């Protein structure tokens with residue numbers, strides 16, 4: 001499908017939200033006619049405040065009271081002005097959130113100083129082995145101090161984890177051996193249900209929770225299942241926090257699987273937990289309040305494993321809040337989303353956010369399905385309970401043929417639809433047809449682990465979850481409640497065929513536990529969201545990939561490994577998959593790089609990660625795509641897989657200032673009002689001759705204008721900064737995209753001292769392509785500067801796009 005068609009499609013629908021690929025789901029809110037009023041976020045330019053008001057909150061309150069709605073005036077008679085607001089934003093974003101009806105929202109848009117009015121959207125939450133897989137051993141290959149020691153393991157850096165909270169008693173968050181809390185930290189430890197100030201320490205230096213936006217729209221918090229406090233009742237936040245910065249913990253495992261010493265990426269970095277997500281989702285107004293407060297508190301890094309579909313930056317509170325954080329020198333890492341392998345599904349796409357996709361590591365949890373005819377089908381599973389007898393074959397059936405009977409109220413019965421039973425929906429299976437058998441369920445509809453509960457409740461002996469299109473060959477292992485495994489889409493067809501053709505189909509399981517040294521690794525995870533960037537194709541997103549499949553990290557006491565209430569198992573560590581897991585890996589790496597280079601800007605940290613990333617796996621081949629095991633492209637993996645030790649010493653960086661981003665927005669045809677909504681300042685774009693592809697980003701993406709003569713030439717400008725002492729000489733190497741000739745002027749860069757800057761022009765020459773209207777085609781190459789020791793690389797994407 002063409003980029004134009006996709007753009008039209010995505011502009012007309014509300015996108016699904018990214019979720020952790022754990023096989024569980026979170027309830028979300030149905031907004032249609034549910035409330036007379038809705039929550040809105042109001043963006044304000046504070047320098048418009050009339051002098052008669054003592055502070056901005058007084059001004060905001062007066063503005064609300066002046067609205068024409070009789071209902072709002074009645075509400076104000078019952079409340080004091082401090083209750084007018086759900087949140088007031090003061091640091092990265094200026095404005096407030098409040099409840100308004102549509103008439104009031106339209107009226108306030110026209111008030112002086114109001115830059116934007118945004119409906120409060122709901123979003124979803126998108127390790128013993130991964131630090132070792134990343135090469136974080138404490139020493140570099142040359143015997144010098146590596147990234148861990150060079151940064152003192154991140155000890156002077158605070159990571160703000162915006163998530164579902166934290167379980168503070170976990171061993172991953174102990175503070176033994178840590179020095180004083182960094183002096184720049186100004187945050188606090190908020191008390192609440194089963195959470196006191198004593199739960200914070202020199203490791204967990206702060207904790208807050210945000211409920212106003214959630215309760216204004218979703219209703220009251222269910223305190224029988226959730227904690228009105230920073231305490232985690234979901235598991236996601238505890239997992240991401242310990243992935244980013246958990247301490248070393250010996251004898252860690254998930255019920256015996258993946259056993260070893262667990263450690264986060266930056267084990268001495270300090271953690272500040274900001275609970276923004278609740279049972280029914282995470283609301284923009286609360287997320288923005290958390291970003292605002294985190295920057296005020298003094299975090300150095302923000303880790304955000306939350307997202308939704310892409311929208312223009314000036315309509316995205318996460319993008320706007322992250323812009324303000326970037327201005328304050330805070331590095332923001334965010335998950336790319338789990339909507340892969342569909343194109344143009346990547347989330348958190350603003351160029352000042354580091355967007356992280358997911359890859360596999362060299363550890364897997366293989367499990368075999370052996371058919372009675374001798375065929376062996378390889379699958380994946382985290383099942384660790386009593387196995388089925390390996391010397392016994394069990395009857396094998398397809399759930400779509402096992403529909404349960406339903407009483408229809410007229411003393412007659414009918415069968416549930418084959419579709420609901422095929423995906424093993426609750427109460428969809430006929431017990432007499434299931435008892436004692438292995439059941440094949442199609443993936444989709446309900447969480448994978450919940451399918452196991454359905455089969456178990458119906459008396460099944462075991463379960464197979466088969467991928468369906470478009471999951472392809474990607475496998476996600478789950479901690480099933482009965483013997484069960486996942487198989488690929490192709491193998492699912494094989495099993496379907498065997499069941500259909502065999503008079504008495506039978507099978508058995510063999511579980512192999514933990515396997516190390518899996519090859520090839522890494523592979524781009526099938527679920528990882530893909531580019532191109534829906535809002536700006538000139539910025540390649542995701543930026544990079546990092547470990548995000550089968551990641552072991554800390555888990556709360558009160559949550560089962562499946563997250564299901566019927567699952568009574570408990571574990572100190574759990575294994576999860578998703579870009580929610582890859583994001584905190586990069587957050588931890590950002591903390592290490594900030595610790596090693598305290599003066600580096602967020603753009604320098606991102607540049608060092610991107611330009612040193614690798615694109616070849618453990619077998620020497622180009623990184624593959626798990627969906628089909630074809631070669632991955634920049635739309636799938638960005639610049640490649642993070643390479644921490646190389647990032648410590650990148651040689652050259654592509655730096656960016658706030659003004660550079662503003663120029664990019666001008667070049668992207670954003671209006672002055674749009675830009676002011678993002679940047680809180682007036683910007684004059686009229687006199688600037690700018691191109692959006694000239695943003696000094698560590699990747700290049702251009703679009704060929706098919707309306708020009710047959711030969712097309714595009715000039716792209718970049719500037720690098722030398723970050724090593726002494727002189728260096730860099731020479732360029734080009735891997736041309738198919739059908740494109742790329743040259744660089746000059747082809748050699750000579751540096752004399754640290755912080756010296758050199759600019760160059762990349763000339764991209766190609767021919768028009770014969771494309772049908774509405775279609776597009778992309779080809780990819782690579783540009784690398786090398787001085788013999790450093791390799792400073794970036795991907796090049798060239799897209800031909802034919803208009804209608």
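Glycine is no exception: its Cβ is also placed from the backbone N, Cα and C atoms.
Just so you know, TrEMBL annotations never went through curation; they're auto-generated.
Fair warning: this is a prediction, and the values are worked out from it, not measured in the lab.
Marked as active site, charge relay system by TrEMBL: 163, 236, 580. If you look up TrEMBL, you'll see 39-126 marked as domain 'Inhibitor I9'. Taken from TrEMBL, the feature domain 'Peptidase S8/S53' applies to 154-619. Annotated domain 'PA' per TrEMBL: 395-494, in sequence order. Residues annotated as domain 'Subtilisin-like protease fibronectin type-III' in TrEMBL: 694-798. Look at TrEMBL and you will find 1-23 tagged as signal peptide.
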Cα separation, residue 580 (active site, charge relay system) to residue 163 (active site, charge relay system) (Å, whole number): 10
Packing count at residue 163 (active site, charge relay system) (other Cβ atoms within 10 Å of its Cβ): 30
Counts of helix, strand and coil residues, the domain 'PA' (395-494), according to DSSP: 28 helix, 26 strand, 46 coil
Winner by Cβ contact number (other Cβ atoms within 10 Å) across the active-site residues 236, 580: 580
Residue 580 (active site, charge relay system) to residue 236 (active site, charge relay system) - Cα separation in whole Å: 8
Average pLDDT across the domain 'Subtilisin-like protease fibronectin type-III' (694-798), rounded to a whole number: 95
